[in-house]
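For reference, the structure is listed below as structure tokens.
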Amino acid sequence: MSVSRLSPSVSRPHEEQASPAVQSRIGIRDVTLSYGALQIIGGISLDIAPGETVSIIGPSGCGKTTLLRMLAGLARPTTGEIVLDGQPVSGPSRSVAIVFQDYGKALLPWRTAAGNVSLALEARGCPARERPEIIRDLLAKIGLSRHADKYPSEMSGGMQQRLQIARCLAQEPKVLLMDEPFGALDAMTRQALQDEVLALTAATGATMVFVTHDLEEAIYLGDRIVCLQPNPGRIGRIVDVRLPKPRDQLLTREDPEFLRLRRDLYDLIKDDHQ
Amino acid sequence: MNRLSFRKLALGVLTLVLFILGWKLVTDARLISPIFFPGPERTYAALVKGLSGGPLLAQTVETVERMLYGWLLASAVGVLLGALIGISRRARAFIAPTLELLRPLPASAMIPVAIAFLGFSDQMVLVVIAFGALWPMLLATIHGFAAMEPRLYEVSAVLGLSRFQVIWKLALPSAMPMILASLRLGLTISLVLAVVGEMLASRAGLGQSILAASRSFRSADLFAGIVILGAIGLCGSRLLSMAERRLLRWQAVHR
């Protein structure tokens, strides 16, 4: 397998092949999760189409991150099941990549940027002589070409998070899970990364599930927004985002539809807090 | 930065000079009988004489060799065993209590046991050194492996790294700072036990030579041996520090 799977020309036929029965890339079927007597997730069902970007928002403690961890195979549902391309998810796999919020802990501090990307290639048995070229391509794609030999401790937060995304792309995933990835970054870096991630998913046809606290970020990135409610975590509402693509930091955010969505979601979240 | 380290070095040397000067003052004033306490000049003379043509050079080599072999043996066993125990939570639960019981045993108390099994031999001294120096490395490796960032286990699961890859590429490098610090501690212990072993089992080396000098009131020779032991300790620790800085380049920014 090579990086070519990330190009749109290759990924599109894949989508068309899917029969109507298994058209969803991710299927969440009546999923609950309890720790002892405490129910964290109380029955969630959701289908996510190939290439779709779903934003997940909700007050803290509503199980956003838990849901994402179950999608990644890092946590098992107590009842119900999660299906990827028709196959039940029983554990972590290379086809589902996850970008953690705490990039500082998720990167290997003793490896350079190139070395960190290389880890994903080593894991999938990519021959050593093919690695440098793939690493170069990926770092270029995410704007880190000039920093290939830097250690994470020498990089800014934004650069480290870019690096984590590059390593996830090296997995050649079908699904990209993002757990509040830009929560710790400043506003400008945040917006730049939002646009980069949108461009990447558009180019690769990857499906994305994006957990965030930030309503505007959820609207800006999402094709759909899933609002979770707490105690136990369940779906409160699903909102379709009908904003033109590609999105633009100024035009999209000034669009009346954007402002209307923001008002709606704000009211919704506020109600949950009361 | 360079000026600062130069100043630090200058201050360090100044302190050393003051120390030697104080030593000279004490001996010149004859506060302690020169039979037991030689001045720096006599010690230096004994050092030069012992190293050029005297037996001191051969004895130094003997002791350094003993120390290094024991240390290498302890390092290999400690890191390997520590990795095996540290990587598995179950192994830690099984073995940790036993280790806690064995660890505080003074290695010198093991010498009679070692003598009973191996007699007054070089192997006996080697085993005692390795046993004593093993603990810091074993425990540091176990703790280093156990303290790996949990997030990295999740990353390795998602990337699909094999168990061997997790040990070799994640756990070992992340335990490296602790392991390297323990290697330095282990070297100091090795030197101590090499000297004690030589004294008790009367094997050739600085330990034996110091003991002999003390018994025949050759205080200058005694002090010459001690100075060499200090130098060995200093050089070993310095060399390992340099290796540490090189291997842990990635940490440089934090420091």
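Using the three backbone atoms N, Cα and C, a Cβ is placed for every residue, glycine included.
TrEMBL does not curate its annotations; it predicts them automatically.
Under the heading domain 'ABC transmembrane type-1', TrEMBL lists B:60-240.
Taken from TrEMBL, the feature transmembrane segment applies to B:68-89 (among others). Long-range contacts of the transmembrane segment (B:68-89) within the same chain, counting only residues at least 6 positions beyond its ends with a Cβ under 8 Å from a Cβ of the stretch, are 95-96, 125-126, 128-146, 167, 171-172, 175, 179, 182-183, 186-187, 190, 193-194.
Within the same chain, residues 127-129, 131-132, 135, 139, 189, 193, 196-197, 200-203 sit at least 6 positions outside the transmembrane segment (B:101-120) and bring their C-beta atoms closer than 8 Å to a C-beta of that stretch. As annotated by TrEMBL, transmembrane segment applies to B:101-120 (among others).
Here TrEMBL flags B:126-145 (among others) as transmembrane segment.
Counting residues 6+ beyond its ends, the transmembrane segment (B:178-201) has Cβ neighbours under 8 Å at 63, 66-68, 70-71, 74-75, 78-79, 82, 107-108, 111, 115, 120-121, 124-125, 128-129, 132-134, 136-137, 139-141, 143-144, 147, 207-208, 210-211, 229, 232-233, 236-237, 240-241, 243-244, 247-248 in the same chain. Annotated transmembrane segment per TrEMBL: B:178-201 (among others), in sequence order.
Under the heading transmembrane segment, TrEMBL lists B:222-240 (among others).
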